[in-house]
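Colleague: Okay, handing you the structure first.
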């Protein structure tokens, strides 16, 4: 068996290890081992590539320096970031990482275009094989969209840019025109057998612009869908290049990541009861500010203090905590865990209820609670806990709003009608920690605030929870 | 019998891997969706394989093109390395935080 076959088998093994890495995530116990499989798979893929380059005599000193410098600089940067990043900023981090995969895919495509012999894709007449050109064009186009799209998503999540949607005039027309231009340039590239490098750069630049125009109209709270979607794109870009490189590991990984991102986007859309296309078309949540200042709500609400809340919860036998993005912003998860511990000492049963779209990325709340040492078997998903609100004495809503709004079930005219909600209204008492009376992201007023058994706790989530801890 | 283009086999692998991905990802518990995104990020950086090949392009009189390829390959290696090291490490950090309830210690 020659080396090409052995290395192909090794790539297959690393592909399988990547599948096992994802498989491990089916439960927290197996997940750590899964991550290890992923690392081994990566080491095999890199090792085999280096060995085969070595076998072909391609590793001259200059190349070795380039590769070592690249990996050292990138590796140190990556490790530093991974150690320092806070769990609250995980959505930004993931968006930033997606942008890097996108850009790396573009760079690989550029490399293949300029050195087709090294990739074995030259047609023997100075040009590049048609099939490889299609793959490269797709790789660079999807990669570039992933890159700039993720940069925009990062800026929105990180607060470098307003989360409000930016609506360009005739944006759908602009996007369609850009898309048509990309297709025209791909055709040009193929017709010229890859010699028209300007067409390739044209695809690259237009796709970069397209990444921006596609993502800017999408509002901040729709970012869970966007981040998942870009995750999926980075996978498809990798897969396209996997065909060019004839590399099984890359093809398998691209397919895994592509379908993973697509599934997460689907789950997030379902969590909001919105059509995927309506989310990516953007524009949602744009009138929040206008609605907030326009219709002034005058009905009275029952307001309480931290001590009132502490008293109510101490005398409860079951409390369900509903965290939302506000908890992440206020960094209240540690104080919240402390509160739960105190309540448990008092003999109160405490559970956490997580809505699928709570936070800014899939599973965001779970990570934050895990960070605060909340045991994961106290944390439940919507469908597992919704029936329990009826037996709960207190629903403690911290930094969430739309995901508890009963209008989603009762008011067909509401913007969030049909969205699955956490049925906190069934609890005996509802405590809401909020900074003010503003409506949620969807711009919808929440009827729960005006109910007799609701008590509003106005203030910063962290300070309020700390106050409650003192009162217990 | 005519020989089948090896691309068809790769396409078969691709399509089947999509199905594998579909079933594997649906079995991921929603509590671990954030680590899932971080680890998919890390594994998609296996694109570094292409980066290494580009960086190792030969310079036998092919001129500027080879150097563009080498530069792009070097940059791509660095970008992918950020993701590989950063992605796996941050995933490990997150997964280490998921703990079960300590029933015995509480002594209930």
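Any Cβ shown, glycine's included, is placed from N, Cα and C.
TrEMBL labels come from automatic prediction, so no person has curated them.
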Colleague: Between A:249-269, A:270-290, I'd like to know which one TrEMBL lists as transmembrane segment.
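Modeller: Matching range for transmembrane segment: A:249-269.
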Colleague: Among A:6-24, A:291-309, find the range that TrEMBL records as transmembrane segment.
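Modeller: Within the set A:6-24, A:291-309, TrEMBL attaches transmembrane segment to A:6-24.
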Colleague: Under TrEMBL, the annotation transmembrane segment belongs to which of these stretches: A:198-218, A:219-239?
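Modeller: Checked against TrEMBL: transmembrane segment maps to A:198-218.
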Colleague: Looking at A:36-55, A:61-81, A:93-114, A:173-192, which one has the highest count of Cβ pairs under 8 angstroms to the transmembrane segment (A:134-153)?
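Modeller: The stretch with the most close Cβ contacts to the transmembrane segment (A:134-153) is A:93-114.
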Colleague: Can you tell me which parts of the same chain pack against the transmembrane segment (A:6-24), counting only residues 6+ beyond its ends and a CB-CB cutoff under 8 A?
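Modeller: Those are 30-35, 37-38, 40-42, 44-45, 47-49, 51-52, 247-253, 256, 260, in sequence order.
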Colleague: State the residues, same chain only, that lie 6 or more residues beyond the ends of the transmembrane segment (A:173-192) and have a CB under 8 A from a CB inside it; answer 'none' if no residue qualifies.
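Modeller: 127, 130, 133-134, 137-138, 141, 199-200, 202-203, 206-207, 209-210, 213-214.
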